[in-house]
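Lifted from TrEMBL, the feature list:
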- 16-41: transmembrane segment (TRANSMEM)
- 30-278: domain 'G-protein coupled receptors family 1 profile' (DOMAIN)
- 48-67: transmembrane segment (TRANSMEM)
- 87-109: transmembrane segment (TRANSMEM)
- 130-151: transmembrane segment (TRANSMEM)
- 186-205: transmembrane segment (TRANSMEM)
- 226-249: transmembrane segment (TRANSMEM)
- 261-280: transmembrane segment (TRANSMEM)
Amino acid sequence: FLLLGITDAPWAQAPLFWLFLLVYIVTLAGNIGLMFLVWVAPNLHTPMYFFLTHFSLADVCYSTVISPKMLTGLLFGNKTISWAGCVAQFHLFAFFVTAECYLLASMAYDRHVAICHPLRYVKVVSPRACWQLVAWSYLVASISALIYTSLMFGGSFCGPRHVDHFFCDVSPVLRLACSDTRGREVTIFALATANGLGTSVVILLSYGRILHTVLGMRSAPSRARAFHTCASHLLSVSVFYRTLFFMYLQPASRHSSRDKVASVFYTVVSLMLNPFIYSLRNKEVRAALGKCRRRMLNR
């Protein structure tokens, strides 16, 4: 296949390369740094940050699946990708995107139990339960990615194999298939809807219960503390799901050149923003970061 990339304008290749290289470096540094901070800071050894480390790990892997190939194309103009490479790229992309949906739902459930049932929190969200939720997220993601990939690459391709995108995504690749793809598109759409809407419903129900509980609190400081606890997670959820729904929960006929812009946002930009959303808006992370900084300076 030949990935046509973000743009074919020669003058834009170098600026875009340096911009996306910077974004990729910041993404890796931010997410790996956040994982390291959770690992070394005892006050962050809680279920919420356990889920967050897996979410950051998915972000690192997710960006590494997309960005290096895109950067190579921008710098050297080598935009070809083998059939096996295209299959592997899409499979890993689908796996990590689906895993992130379920990890976000697990984080919402954690916040729901912490605020609505604080006395039962330790028992309900136990270390075993955390591992089970993460394992379930990866299991469902593995099965979903396998189905997506087999549907996408199960047929034959013909004609000029020009993928009008910067990575192997569903709609651009299926346009190159020789046979009728409507059945496969409907199945992919149905599974994406089940994963996306299913996890978003869990998130909405969790935060609906949280809102009801918080509004019932008599103490204004308690309400503010509860809202602040959930603010970073809600911001990350809104950024992730808005672009994901725009891309995958619309009919194939409505896809256009704007898809590339949306794809850049959820495959590149949002992955860079996530660690800053969780660190800059979270007092616990800032406190742990301050302790680590002071510890390193005192050595």
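Cβ atoms here come from the backbone N, Cα and C positions, even for glycine.
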Stretch contact, the transmembrane segment (130-151) with the transmembrane segment (16-41), Cβ-Cβ under 8 Å, 3+ pairs: no
Across the domain 'G-protein coupled receptors family 1 profile' (30-278), average pLDDT on the 0 to 100 scale: 83
